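Copied over from Swiss-Prot, here are the features:
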DOMAIN    72-167  domain 'Fibronectin type-III'
CARBOHYD  Asn86  N-linked glycosylation site
CARBOHYD  Asn109  N-linked glycosylation site
SIGNAL    1-19  signal peptide
TOPO_DOM  20-181  topological domain 'Extracellular'
TOPO_DOM  203-225  topological domain 'Cytoplasmic'
TRANSMEM  182-202  transmembrane segment
Amino acid sequence: MRAPPLLLLLAACAPPSGAAVDPTPPGWEPAPDAPWCPYKVLSEGPEAGGGRLCFRSPVRGFRCQTPGCVTLASAGGSLRAHVLRNRSVLLQWRLAPAEARRVRVFALNCSWRGTYTRFPCDRVLLGASCRDYLLPDVHDSVRYRLCLQPLPLPLRAELAAAPPELAECVEFTAEPAAMQEIVVAMTAVGGSICVMLVVICLLVAYITENLMHPTFRRPSLRRQP
């Protein structure tokens, strides 16, 4: 059975198995009976339409491995953003069972910070069974803000005045891949230079002790015949 393309993408960008692992805690995995996640992308701008309905496979068994992945959490802790080194971001969220039964759809709002103002990104509507979403092709060195708000089912008239669910937000900045490679290369070069300096210091100490101050034999006290 062939693995889904998304899992292959995440596996390809993962570092070696010896790296530190941030395991997925209980409650972040999608339900076993949720094989698909329906979603709709609503583009911004004057030519934006209603968007078409799409389906994607949920991510299961994901592990955020450093240094190829950085995890950021919202203030409430129910939304997490895994910033991958291939300029994509995997969002994961969880709800209590009682809250999940009242959700009709999730609204994901995106914006990024400019010099003087914020600019909106595409808005995504996700089905109630969705617990993750992959945001591809984020720009380097741009401060993003993602907010996820659960929209409830239609309620009775006496409950309609209840306040809506607050959105969970998380902010992140994708570090340029080239900058990561430069940092790794500079770290390796710096380590090599330190090793060379230690070797040079040991050689200087050896030369100073053995060559500059040689050990002379003491003259014998015996008379020669």
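Cβ from N, Cα, C; glycine included.
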Remark   = One should report the C-alpha separation between Asn86 (N-linked glycosylation site) and Asn109 (N-linked glycosylation site), rounded to whole angstrom, as 22
Task = Please compare the glycosylation sites Asn86, Asn109 by how many other CB atoms fall within 10 Å of each one's CB, and tell me which has the fewest.
result = Asn86
Query = When you scan the chain for residues with a C-beta under 8 Å from the transmembrane segment (182-202), skipping those not six or more beyond its ends, what do you find?
reply = 67
Ask   = Of the residues in the domain 'Fibronectin type-III' (72-167), how many are helix, strand and coil by DSSP?
value = 7 helix, 47 strand, 42 coil
Request  = Could you pull the average pLDDT for the topological domain 'Extracellular' (20-181)?
outcome  = 80
